[in-house]
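Feature annotations, courtesy of Swiss-Prot:
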BINDING   HIS56, HIS58, ASP148, ASP301  Zn(2+) 1 binding site
BINDING   HIS58, TYR59, ARG60, ASN90, ASN274, HIS305, PHE319, GLY320  substrate binding site
BINDING   ASP148, HIS175, HIS228  Zn(2+) 2 binding site
ACT_SITE  ASP301  active site
Amino acid sequence: MQTVIKNGTVYQNGRLIHADVLIEDQKIKAIGTDLTGDKVIDATGKLVSPGLVDVHVHYRDPGQTYKEDIETGSKAAAHGGFTTVGAMPNVTPVPDTPDLMKKMVQENKQKGIVHIFQYGPITKNETTDELPDYAALKKAGAFALSNDGHGVQTAQTMYLAMQEAKKNDLIVAAHAQDDSLFNHGIVNEGEKAKELNLPPVTELAETTQIARDLLLAEKTGVHYHICHVSTKTSVELVRIAKACGINVTCEAAPHHLLLTEDDIPKDNGYYKMNPPLRSKEDQVALLVGLLDGTIDLIATDHAPHAKQEKQGGMQNAAFGITGSETAFSTLYTKFVKEDKVFTLEQLLSWLSDQPAKVFGLKKAGVLEPGCPADVAIFDLEHETELKEKNYQSKGINTPFTGQKIYGATVMTMVDGEVVYQRGEK
């Protein structure tokens, strides 16, 4: 059967064009005008995009499925227009052996409704200095390495990890955090920490480890990717490193682009995340970094928690914010429609073809004949409200609930099959 998406504004090759998209046998067959098919999806007035790509999600499965599981996490991704995600390995047990990795990959495929690529850990159990067998993990299905949630604390361990990752052509995606400097902090070091009387987090906890790792990456030649950069100095370090030819890429999270520490209204656990919300100066630096190419992509760091884990104030709340279901719409509304900081084409690139390119996910994040029919359709014209009852994730831990947005997802397709349709829970 042939399905045609008619009369949409299609994002293809960095441009927006008025076109139809023809789908057959799970693939894009053609993009053009006056195309016909057995089934017609009317996209008049809608944006037709490649399925978005999020290289940073936490599905808590196995081990903490009361927070999220593969099924609900992938449904949340589809609700946000994402058709490809990278799942972090901070689950229980950590997939640090070939058997555990194979099982994880199999579970992702069986339970997920989007394409789920699985990270392996940089170190065994994510908390030791012992390296797993990277070659075996890659053969079992790992597409990259990360200890996200934990910084690799010793330079020697990271140096050895980068050497082995380079040998096996694996990306090292680092959560840059020096625990001795983080020192059980909660909010960014500044006036807000003083106002709330909460332990501060110095930016040095992030920047010193980035500086260390950039030197190690230069020495080893590994592809070093930095998760959720959040400070002006971090951006400057990456900018200098790229100018020096170091093989480094990095991502920014939607919440660090949209919010600052000044937006924390009170001691509210929904605003507790790691890295913490930073200063206005840091926020501006992130936006400039995206626009000048220092920051390569946007990734959500979707980190769901049970409702009770985010209540009772920031001191005892868990770190983390959801993002899969709110990323595109909140970013589009704020930075494209309202403030005109960047274009729709730029936003779509940072959320689709760029993450796919950086991580070597061939045929993801693009609409081209012969590629998988992974498609997202968005409504840019009508205002809607973000409501808890509409979330597909088990986690409702986002401060964006109640916000009026444009860019709601109308439909998401994976391999030509509809996996999300607005109005259907």
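From the backbone N, Cα and C atoms, a Cβ is placed for every residue, glycine too.
A quick note: this is a predicted structure, and the numbers were derived from the prediction, not measured.
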At a 10 Å cut-off from the C-beta of GLY320 (substrate binding site), count the other C-beta atoms across all protein chains.
24
So how many other Cβ atoms are close to HIS305 (substrate binding site), meaning within 10 Å of its Cβ?
26
Spatial neighbours of HIS58 (Zn(2+) 1 binding site), counting only the binding-site residues HIS175, HIS228, PHE319 and Cα distances within 10 Å:
none
Given the binding-site residues ARG60, ASN90, HIS228, PHE319, GLY320, which lie within 10 A of ASP301 (Zn(2+) 1 binding site) by CA-CA distance?
HIS228, GLY320
Additional residues around Zn(2+) 2, ordered along the sequence, whose Cβ is within 8 Å of the centroid of ASP148, HIS175, HIS228:
HIS56, MET88, SER146, GLY149, ALA173, ALA174, ALA176, GLN177, CYS227, ASN274, ASP301
Which of HIS56, HIS175, all binding-site residues, has a Cβ with the fewest other Cβ atoms inside 10 Å:
HIS175
Close in space, distant in sequence - PHE319 (substrate binding site), Cβ under 8 Å, 6 or more apart:
LYS272, MET273, ASN274, ALA303
Residue from ASP148, HIS175, HIS228 whose C-alpha is spatially nearest that of TYR59 (substrate binding site), among the binding-site residues:
ASP148
According to DSSP, does HIS56 (Zn(2+) 1 binding site) sit in a helix, a strand, or coil?
strand
